[in-house]
Amino acid sequence: EDHTTYLVTPNVIALVNRLLHWLINLLSLFLSIYISWVTPLFSIGNKRRLEEDDMYQVLPDDASQVLGEELQRHWDKEVRMAAKELRMPKLTKAIVKCYGKPYAVLGIFSFTEVIKVIQPVFLGKLIQYFEKYDPDDMDALYEAFGYAAGISLSTVALTVLQIHYYYHVQRTGMKIRVAMCHMIYKKALCLSSAAMGKTTTGQMVNLLSNDVNKFDEVTNNLHYLWIAPLQAVVVIILLWYEIGPSCLAGVAVLVFLLPLQTMFGKLFGSLRSKTAALTDNRIRTMNEVVSGIRIIKMYAWEKPFSALVNDVRREEISKIMSSSYLRGLNMVSFFAASKIIVFITFAVYILLGNTISASRVFVAVSLYGAIKITVTLFFPQAIEKVFETIISIRRIKNFLLLEEIERPKMRFTPEEKKDASLTCLPAHLPQSSLLSAILGELPHDKGVLRVKGQLTYASQQPWVFPGTIRSNILFGKELHPQKYEKVLRACALKRDMELLPDGDLTVIGDRGATLSGGQKARVNLARAVYQDADIYLLDDPLSAVDAEVGRHLFEQCICGILKNKPRILVTHQLQYLQAANQILVLKEGHVVGMGTYSELQHSGVDFTSLLKRDEEEPQTNNNHSVVKHAFSQNSISSWNSVVSHTSSMVLCSCLLPVQTVAEESRSEGNIGASLYFKYLNAGASILVMLCTVLLSLIVAYVLQDWWLAYWAGEQEKLNINGTVIVQNGLNITQELDLGFYVGIYAGLTLASVIFGFAKSLVMFNVLVKAAQSLHNRMFNSILRTPVRFFDVNPIGRILNRFSKDISQLDSMLPNTFVDFSQSILQNIGVVVVAASVMPWILIPVVPLLIIFLFLRRYFLQTSRDVKRLESTTRSPVFSHLSSSLQGLWTIRAFGAEERFQNTFDAHQDLHSESWFLFLVTSRWFALRLDGICAAFVTVTAFGCLFLRDGLEAGAVGLVLSYAVTLLGNFQWTIRQSAEMENMMTSVERVVEYTELESEAPWETQKRPPPEWPSKGLITFDRVSFSYSSDGPVVLKDMKAMFRPKEKVGIVGRTGAGKSSLVSALFRLAEPEGRIYIDGVLTSEIGLHDLRQKMSIIPQDPVLFTGTMRKNLDPFSQHTDEDLWNALQEVQLKSVVEELPNKMETVLAESGSNFSVGQRQLVCLARAVLRKNRILIIDEATANVDPRTDELIQKTIRDKFRECTVLTIAHRLNTIIDSDRILVLGAGMIQEFDEPYVLLQNQESALYRIVQQTGKAEAASLLESAKKVSTDTASQPSTHILST
């Protein structure tokens, strides 16, 4: 026998050598063709952190614009067809037409699944050789080598085909997603005002972040919808051939499972649509919170908002929890199914009177194993994803079908261009509507609106987008240095540019966070002026700046640089009306007067009530030059006087803390165990529980298969050793005690199913709770962080964490986590069983594991960075959308949609670069893992043949079927662990935001007395203030005392530190020095105790989505009667009563269905309700017309007679009747005294500011100051002001 073996071995070895050589050549050829070009990137990633420059440029076929336009064409065609056929357009149809064919062709690669079925057949033949082992039968040995070669070849083929399949389907998914994003953004730019009411920023962000991701997921699994049934049929045929009709029992279980899983899929779909609506809601609320964070902090409204977000989140989590449990059941049914199927098949097989044998057991186990993943995991997953995608497609389709704005494009003829005039509109509410009608933003019901020429527009609420100041002004036009300088001068920006660190190349943050209100308004105006348009629509550009700058803008810009152009100016600054060629007076949407200044004066229109009669200056008709001459002389001298007299102008802007936008933080290095601990601990401290579940699992998973092998082995011994024994003189055939074997087998099967379900549900529960608690902690941390954080971080960056990263934690991560834990347990089980049967299998397993772990480490070094890049390159996509929606009217008025679309595409392409890299690096990793596994299977298969003496068939079957299982499982586990670590970057980003620097506590041990402050005495004692520890000091060593019940006006140039004074009082950043209110040191008490006791009417009125009642009284502290009284006092009662549900009417996003003036009145009503002793008004009347202004002033005098009122204002007429006026310059107090006293002194700063308003205005201001002075003198003891 030895002799024979010796003869055979050299031939066999030569054959094996040739085969291995051929395999290696094939693999190396394949490697060089495919993916080896990524290897240099890995060597970079292992040396240093990857940056954006390291990424490969996006392929031309994958460019956002190319993909988006292609899909858009198909969609437009589908919309036209649907209109023709009188049906609803189907977005799915457009997608299928665009991507259907190439995707269908990819089905060829999915023939890998057929190979999976062939493998067990080879395996069975190999085991049969061992069952019928005959050392002398050479033919059988050669045949066996053929089968071993078949096993290893099929493994290699699987590796090659699968890589291609996954690469191409994932790329298709990426293409559909990118194209969809392009279309969604394009649509957002064309939405009409009515459509904007039907959607929200939150919904659009959610569509871009979560809904489109379904395309990435569905393309992965879609082909399994036809592969799985096909594969099941093939397997049934093979099983019939192998074990006869008893295979039908197992198939029956499969057939029962499929409809069950389809039902799960439908449930997933319905849960997904509910979750999506809640997520929209949560992100919209987050968007409002982040946008209005200053107001929320000043009102001390963090708690109701926290409650609001927590409520929505709780509902969302309950839906997510349900779908996670479903997912858990789905996953476990996949693991349990395989156990149950094998059990039922063999129970029936044995009960039909057959005896069990190794080859039969392992062929059946392997065949079921081959389809197990496809039929019980991929197939249900495909169904689940299809239903989820249908919901997403429906949401996107509804968005794409919203109505669009229609606007005619017209040009001037050269003759018509000459007719240049300035039209002024001096009233409030309807004029913005008039401008929006001219812009085409408001549809008109009847009549004709003709616009000839190109429009340009400066909006009332200045809009700037993230980028440099220069890019904001040029807005896509070429830079002509002379023209640019001229515009900067005309818009009074020259000085600001010189003082900013990088001049006009300074980067503005999100929503222009780094500029003051006045600077934003001037940049906004400069943008309009720089465009060479035919008609200029200027919506109140003068209100956000002080009187001097306002006059400069009017003369140098509106009547200077633009003097030969038609201009429509909406203004509340009535002193400029005389310079207008045409005045249009609007009242409640009707034109009540129209004509020149003098015509209107003679016509008896109630227009003079808007304007104090002005005797001194000659009335001018169209005498433009006279006015202009008088203006310019006057203003030039005053301009120079300011420059020479005080250094305030030189210093004004350098006070503004210029914060450039910080680059988004990105972690480096490994994801440590501490992060996993934080993550799991956030769910529950269930480590003990986990350990018990894990132990029981190993027992359940492994023992069942081991018992089958043991049973087959016992049966084989009986077969070989003869089964007849003599008992009591009778010949009895000895058989195994079936009841015993089947009973234990059934018990083990049941245990594995029960433990599987328990573990899965427990883990999903813990992980979803972790997501909930991390979200709440992140949100609370965001609410408690100082305001500066929001100035430095764009809104898109913060929303990215709340939308994309949280959605990863909600659904993707728990899925991967549970899958990983299940796989790793299975692997341990596989190795343990195999080693118990054949210890030598550990010899290749240990080095394999070491190689795998090394590869994983090498891969993760780069892959983690790529994933982090993918997260950070996604933020600009959201920021850009959010910023574009804020400036939608401006973008459309300038016709800049295409340019913004291109910017969006560029952001998308950058994201695609990182995403594509992530896809390719994952394939690189999979290829290497599969290659190693293929080698392992080859070694095992041939190893069994070389060690054929003394091996039981059962042992060989077990080892080989497990080696093949290991192939798939081992690398799947390693891949899932890598995927999980990549997803943990989302946890890392969320945890980073849970650990933000926190402002002072909301409440401290030291509580002020309940009735504090009873008087309202405010003392500043050597207060210095800066917005951040390393920022410039914006208030310097300030000493001032505001007496109880005193009305103080605060004036100063833009950037003099007026708003910083308010920030210091509210402790938006901690001031140095001491501020006392009624003798209580404010820095010693909690922020809420302080902020709730002061009322503020802010510069930008902020309303939140929610009912009118919630907007007035979020804590529900007041009765209905109180609320109605407050509304009546600010003359909003009639407006609110006309709303459909009165006080319970839900406002549109950011209260956009109210005008700016009305929103300002709501803020006043809030202050009336709070009944505090201290009221601060921060340029609250800048954007409202004189009537509303007067109403606000009157309410303040009546309702806040007993309060200390600090008013910051540009309009001197609103504060000239104050008890005292504080003039700030460069963060220091220049003067502080009664207005009349200051105006007596011609050297005073206030006197100079008053003189710049023009003779008439100056005289009337002096008169008002004098009147207050005499009234006060006649009532020395009180501080009641005359109205």
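Placement of Cβ uses the backbone N, Cα and C atoms for every residue, glycine included.
Bear in mind that TrEMBL entries carry predicted annotations, made automatically and left uncurated.
Sequence annotations record features per position, and here TrEMBL assigns transmembrane segment to 20-42 (among others).
Marked as transmembrane segment by TrEMBL: 103-124 (among others). Same-chain residues lying 6+ beyond the ends of the transmembrane segment (103-124) with a Cβ under 8 Å from its Cβ atoms: 147-148, 150-151, 154-155, 157-158, 161-162, 164-165, 168-169, 172, 219, 222-224, 226-227, 230-231, 234-235, 238, 242, 359-360, 362-363, 366-367, 369-371, 374, 957, 960-961, 964.
Residues or ranges marked as domain 'ABC transmembrane type-1' by TrEMBL: 114-367 (among others).
TrEMBL lists 144-167 (among others) with the feature transmembrane segment.
For 224-243 (among others), the entry in TrEMBL reads transmembrane segment. For the transmembrane segment (224-243), the residues of the chain that approach it from at least six positions outside its boundaries are 107, 110, 113-114, 116-117, 120-121, 124, 250-251, 254, 345, 349, 354, 360, 363-364, 367-368, 370-371, 374-375, 378-379, 381-383, 386, judged by C-beta separation under 8 angstroms.
According to TrEMBL, the feature transmembrane segment maps to 249-268 (among others). A Cβ distance under 8 Å defines the sequence-distant neighbours of the transmembrane segment (249-268), meaning residues of its chain 6+ beyond its ends; these are 232, 236, 239, 323, 326-327, 329-330, 333, 337, 340-342, 344-345, 347-348, 364, 368, 375-376, 379-380, 383-384, 386-388.
The transmembrane segment annotation in TrEMBL covers 329-352 (among others). Proximity of distant same-chain residues to the transmembrane segment (329-352), defined by a Cβ-Cβ separation under 8 Å and at least 6 residues beyond the stretch ends, is recorded for 239, 243-247, 249-250, 252-254, 257, 260-261, 264, 360-361, 364-365, 368-369, 372-373, 376-377, 380-381, 384, 704, 708, 738, 742, 745-746, 749, 752-753, 756-757, 760-761, 815, 818-819, 822.
Feature annotation from TrEMBL assigns transmembrane segment to 358-379 (among others).
Predicted-model confidence for the domain 'ABC transporter' (391-613) is 77, expressed as mean pLDDT. The feature domain 'ABC transporter' is assigned by TrEMBL to 391-613 (among others).
Here TrEMBL flags 679-703 (among others) as transmembrane segment.
According to TrEMBL, the feature domain 'ABC transmembrane type-1' maps to 684-982 (among others).
Per TrEMBL, transmembrane segment is recorded for 744-768 (among others).
Among the features that TrEMBL reports, transmembrane segment is placed at 830-855 (among others).
Taken from TrEMBL, the feature transmembrane segment applies to 925-947 (among others).
Residues or ranges marked as transmembrane segment by TrEMBL: 954-974 (among others).
What TrEMBL lists as domain 'ABC transporter' is 1018-1251 (among others).
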